[in-house]
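Trainee: Below are the structure tokens for one structure; questions will follow.
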Amino acid sequence: MVNQAFMLWCYITPVLGAVVAEQYIGRVKTIIFSSSVYLCGLVTLFLSSLPTAYAMGISLPGLLVSLFLIGIGTGGIKTNVSSLIAEQYTGPKESRRILKSGEEVIVDRDLTIQRIFTTFFLYINIGSFSPLLITIIEKEYGFSAAFSLSAITFSIGFIIVLVSRHLYISRDPDSSIIFNACKAFWIAIKHKGNLDYARPSYQTEQAATRRLSWDDSFIDDLRRAIASCKIFILYPIYWAAYSQFLTNFISQAATMETHGVPNDIMTNIDPITVLILLPVLDRIVFPFLRRQGVPVRHVDRITIGMPDFQPFVQESYQICQRTCFQIISAIELGLGLQAGRLTQCCQPAASEIRLLYYPPTTKNLFDEGLKKRAWPHTDLGIITLLFQDMVGGLEVEDRAAGKPRSFIPVKRVSPNEMIVNTSDSLQRWTNNVIRAGLHQVTAPDAAKLSNGVDMLPARCSSVFFFKAGRDTSVGPLPEFVTEDRPAAFEDMTALQYQQLKTRILHGVEG
């Protein structure tokens, strides 16, 4: 019971350690403080194991106090050491290096960090072999000798960290990810579970006085973290079996013939297995998977979400395609055309779907009109379906303004809305009866009005371009050409028009 309670305590305190490090004192100070508490726990454990303490009847209280202190120290160390290690590597995303053999290789940041943590995990499991020595010392010399070795070894490591603390790269405390996640979840709960409402860009549009301590990319990371949590469904089964190493396996071994081997050695089955598998995975399995085009890099690789991505996109493509044909049929009805007149021009379709990511950027260039995420343009194709996040920034031409290139922002009403924009081919077919929608992507409207915003958040969108086949004519249809309305466009194929527009955009003659 004491052992199970101690394990539970050691998995509760990391939550507190993360909050203290991220919001108050930083990782290095948290690790140093937690290490000092951990060391106090080890010293208390050693003192409580002495014969004098046993004679005074304080061994059990001393044990409980030491476990309490060790648990606190574990919380501050376990949750911050891995993050601190990741912060130490500041190399570029990719760099080139010449080996001694003369071979030029590319150093990938993600793979480098993966190798760092593989090595770190390897050393952890090498350290896990200490019970081999500790159990022998405990059997030959008693608990006090075994506990003293732990305290001495930890003291050496603590001194090294303390002396070199100024050498570590550590992010300054800002706001707790845990608190921010809880706040974001609460906002999502109030909006039927939709995390898009927790984006600062959406909150700013709704209430300019409200300030959130995270950016839009935090919500994206939170979504990925939730997806990765699928694996935790299996954890109760795993831990139910794993905890037997520390309880039943040891008790069972104590009732068996050990031939001089301490029964406590059962806990080393786990690190032995890890030490065998880690080099195999790192040097053989993972490189083989990367050569086969199956990279194993990020935490979301432990979930089974990515294999479903391609079928999801294919299904989305088919749904968008059907939707576009329905919209074109409605346009036929609205223009009084014969059923199928426009839809037959859309076949065969050569549509495409794009996933667009606009990275975070500084706001000042947008304010000065020197930069836009997408300059004013019309789309190739017939119509465009746009699905965007809550960041905003899309603007369309205001034709009622009476002056050219006057734009108005497209306000988001629902996170699930679809925006339909008319494109060049439809304008050419209808001989300017339906004009292509001129649009641009710039700073969100709320950011323009706020002087306290220095950075524009990342923006993501999915765009479906409904396009006719490359050999389809995009000249004006006879139904739209009259004596009063002569053909405004030359008859040409969709491919020829795309080539013409490309030459115009790039200033190429001919």
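Every residue, even glycine, has its Cβ placed from backbone N, Cα and C.
Per Swiss-Prot, the features are:
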- H377, D379, H439: Fe cation binding site (BINDING)
- R459: 2-oxoglutarate binding site (BINDING)
- 348-468: domain 'Fe2OG dioxygenase' (DOMAIN)
- N80: N-linked glycosylation site (CARBOHYD)
- N421: N-linked glycosylation site (CARBOHYD)
- 1-21: transmembrane segment (TRANSMEM)
- 31-51: transmembrane segment (TRANSMEM)
- 57-77: transmembrane segment (TRANSMEM)
- 116-136: transmembrane segment (TRANSMEM)
- 143-163: transmembrane segment (TRANSMEM)
- 231-251: transmembrane segment (TRANSMEM)
- 269-289: transmembrane segment (TRANSMEM)
Trainee: Sort out the residues at least 6 away from either end of the transmembrane segment (57-77), same chain, that have Cβ-Cβ distances under 8 Å to it, and list them.
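Mentor: For the transmembrane segment (57-77), the sequence-distant neighbours (Cβ-Cβ under 8 Å, at least 6 residues beyond its ends) are 2, 6, 9-10, 12-17, 20-21, 30-31, 33-42, 44-45, 47-49.
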Trainee: Looking only at H377, H439, R459, the binding-site residues on record, which one has the least crowded Cβ, with the fewest other Cβ atoms within 10 Å?
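Mentor: Each of the binding-site residues H377, H439, R459 was scored; lowest Cβ tally within 10 Å is H377.
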Trainee: May I have the DSSP-based helix, strand and coil counts for the residues of the domain 'Fe2OG dioxygenase' (348-468)?
Mentor: 18 helix, 45 strand, 58 coil
Trainee: Look over the recorded stretches 31-51, 143-163, 269-289 and say which has the most C-beta pairs under 8 A to the transmembrane segment (116-136).
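Mentor: Answer, by Cβ pair count: 269-289.
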Trainee: Can you find at least 3 Cβ pairs under 8 Å between the transmembrane segment (231-251) and the transmembrane segment (31-51), where each pair is 6 or more residues apart in sequence?
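Mentor: No, the transmembrane segment (231-251) and the transmembrane segment (31-51) are not in contact.
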Trainee: Please indicate, using numbers and ranges, the residues of the same chain that are 6 or more beyond the transmembrane segment (143-163) and have a C-beta under 8 Å from a C-beta there.
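Mentor: The answer is 31-32, 35-36, 38-39, 42-43, 45-46, 49-51, 130, 133-135, 137.
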Trainee: Provide, as an integer number of angstrom, the distance between the C-alpha atoms of H377 (Fe cation binding site) and N421 (N-linked glycosylation site).
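Mentor: If we compare the Cα positions of H377 (Fe cation binding site) and N421 (N-linked glycosylation site), the gap is 12 Å.
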Trainee: Starting from the Fe cation site formed by H377, D379, H439, give every other residue of that chain whose CB sits within 8 Å of the mean position of their CB atoms, in sequence order.
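Mentor: Residues close to the Fe cation site, other than H377, D379, H439: A374, P376, T378, T384, N421, S423, A436, G437, L438, Q440.
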Trainee: Restricting to the same chain and to residues at least six past its boundaries, which positions have a Cβ under 8 Å from a Cβ of the transmembrane segment (1-21)?
Mentor: 27, 29-31, 34, 63-64, 67-68, 70-72, 74-80, 83, 173, 176-179, 243, 246-247
Trainee: I need the least crowded one of these glycosylation sites (N80, N421), counting other C-beta atoms within 10 angstroms of each C-beta.
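Mentor: With the glycosylation sites N80, N421, fewest surrounding Cβ atoms within 10 Å: N421.
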Trainee: Could you tally the C-beta atoms, other than its own, that fall within 10 angstroms of the C-beta of D379 (Fe cation binding site)?
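Mentor: Taking all protein chains shown, D379 (Fe cation binding site) has 22 Cβ neighbours within 10 Å.
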